[in-house]
Amino acid sequence: MLKRDISTTNILIASAGGMIGSGWLFSPFISAQMAGSNALISWVIAALFMLFIALPLCELGTMFPVSGGMSNYPTFTHGQEVGFLFAWTSWLSYVVMTPIEIQAILQYSSHFFPALIVNDPTTLKLSGYGYLVAIGIMFFVVILNSYGIKMLAECNKYASIIKFALPSIAIVTLLHSAPSMANVSIHLGDKTSWANIFAALSAGGVVFAFTGFQNGLILAGEVKNPQRNIPIAILGAVLIGFILYFMLQLSFIVAMPQKYLANGWSALSYPGDSGPLVGLTLLLGLGVVATLLMIDAAFSPFGTTLVYTAATSRIVYGMALNHHLPKVFLKVNRHKIPYITLYANFLVGVFSFLPFPGWQKLVAFLSSASILSYSIGPICLLAMRKLQPETHRPFKLSGHLFFSHLAFYICNLMLYWCGFSILWKLDVALLVGLFIAITYHGKSLFTPNYPLYWFVFYMVSLLIVSYLGTFGGIGILHFPLDLVCLLPLSILTLYLSQRVLSSDTHKEIICEVDASPA
């Protein structure tokens, strides 16, 4: 049994702090290159999308305040096979986040310690010394997580104060240094502008920057008064993250010297743009701020690793709780922390540091896995309204049919905007998970009424639309017809996902979970 030691403040900070990692250091620059000052619209759309996605999760999170969060919900509603596959997706989107953040720490630290990296013209690689340091940092984070969630939450609270303070200082100083608002010029009258806005939203790191708002769900089993605190954490984190990122994007745009915009935003380049915000502050003569940002560039990702290491271990704990993994992963230490899951994820993280080609492109892949995991909300909310219509809901979403369909459509839009080159890789990863699920549960894929049919239809159909579309596809479906085609596909997929529900299977699983040491 995990202890409920996390307060309102700490769970809000864990959710909001999980969003402030290495993303803020790069996304303003990349999204500005892709969409110019229209990138501001990308942030507004992303925030609205995330709020709509969060609403179904708030109802489910208060109904089932269990560790592992939304990775558990599909098991409750659709059974072991679908539950395993969505839990697999959630785990994929989390387990490599800690290595990515640690790699960002070492990338910025290499300005002071060049021996951490190997000079390679094609990609950034850690040196042998850098790998040892990376593994050491990861192990230190695991040790911190092993000593109790209350201690972790307190450490993260103070780390997050610095994480929010220094970007705020950057915003104020950049706005103060900006000669005018002349760089802001919003153009929404043509298809190309909107296509660039959507591309920046997915490939520009905007959606990736919001990853982490759902940490309040994953730590739900250890939250005091979850009925009240979980909605505060989820919705509050999205709003806090939006304000910070929007202002950071605005300050970056208005402070950019005109001479670097002579060839347009798409050709934006300036000295030091490998660390965009630090480079800009140096151009403006803000040496003190640049130094602070250099320090925070190492500090912010470290705070994020604290949260993600804890969250990832709870996903594995939840998978074991739902009989997806062996019971050994349910073991807790004297601090009531699932320590076996911590060390298992640590080993996976160590292998994630291997310098295979295209490693940095995994950020886009992880974004797609996160977006797919968000679709759990609308699918499972509709299912729970059907399976447990009379159950008390501390947070009950009004207009659940409309908001569930809207949230699911939003998820599909963002998946589509990730591009065909990312979606086919996501499908391959899901096939691996599907193979594991079938092998683990000893069932044939072709069993009549197999509960995964609708999911296979969903992913194949989405991949076909992506292939025919303009975001990395062959361009037969032009914007905005491609977005229109996704609407009936979303409605049909939601309908099919509800056709396979079984009240008997649901009752059996709930009884098993109630009897487990959660």
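Backbone N, Cα and C atoms are what each Cβ position is placed from, and that goes for glycine too.
TrEMBL does not curate its annotations; it predicts them automatically.
Features reported for this protein in TrEMBL:
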type	residues	note
TRANSMEM	12-34	transmembrane segment
TRANSMEM	40-61	transmembrane segment
TRANSMEM	82-106	transmembrane segment
TRANSMEM	126-149	transmembrane segment
TRANSMEM	161-182	transmembrane segment
TRANSMEM	194-220	transmembrane segment
TRANSMEM	232-256	transmembrane segment
TRANSMEM	337-356	transmembrane segment
TRANSMEM	362-383	transmembrane segment
TRANSMEM	395-416	transmembrane segment
TRANSMEM	422-440	transmembrane segment
TRANSMEM	452-470	transmembrane segment
Segment proximity, the transmembrane segment (12-34) to the transmembrane segment (161-182), 3 or more C-beta pairs under 8 Å: yes
Contact call for the transmembrane segment (422-440) against the transmembrane segment (40-61), three or more Cβ pairs under 8 Å: no
Region pair the transmembrane segment (337-356) / the transmembrane segment (40-61), three or more CB pairs under 8 Å: no
Candidate ranges 12-34, 40-61, 82-106 - greatest C-beta contact count to the transmembrane segment (362-383) (under 8 angstroms): 82-106
Highest-contact recorded stretch vs the transmembrane segment (395-416), from 12-34, 40-61, 232-256, CB pairs under 8 Å: 40-61
Cβ pairs under 8 Å between the transmembrane segment (40-61) and the transmembrane segment (452-470), at least three: no
Highest-contact recorded stretch vs the transmembrane segment (452-470), from 12-34, 82-106, 232-256, CB pairs under 8 Å: 82-106
Beyond the flanks of the transmembrane segment (232-256) by at least 6 residues, Cβ under 8 Å: 8, 11-12, 14-16, 18-20, 24, 27-29, 31-32, 37, 39-40, 43-44, 46-47, 50-51, 54, 57-58, 61, 164, 167-168, 170-172, 174-175, 177-178, 180-184, 206, 209-210, 212-217, 223, 268, 276-277, 280, 284
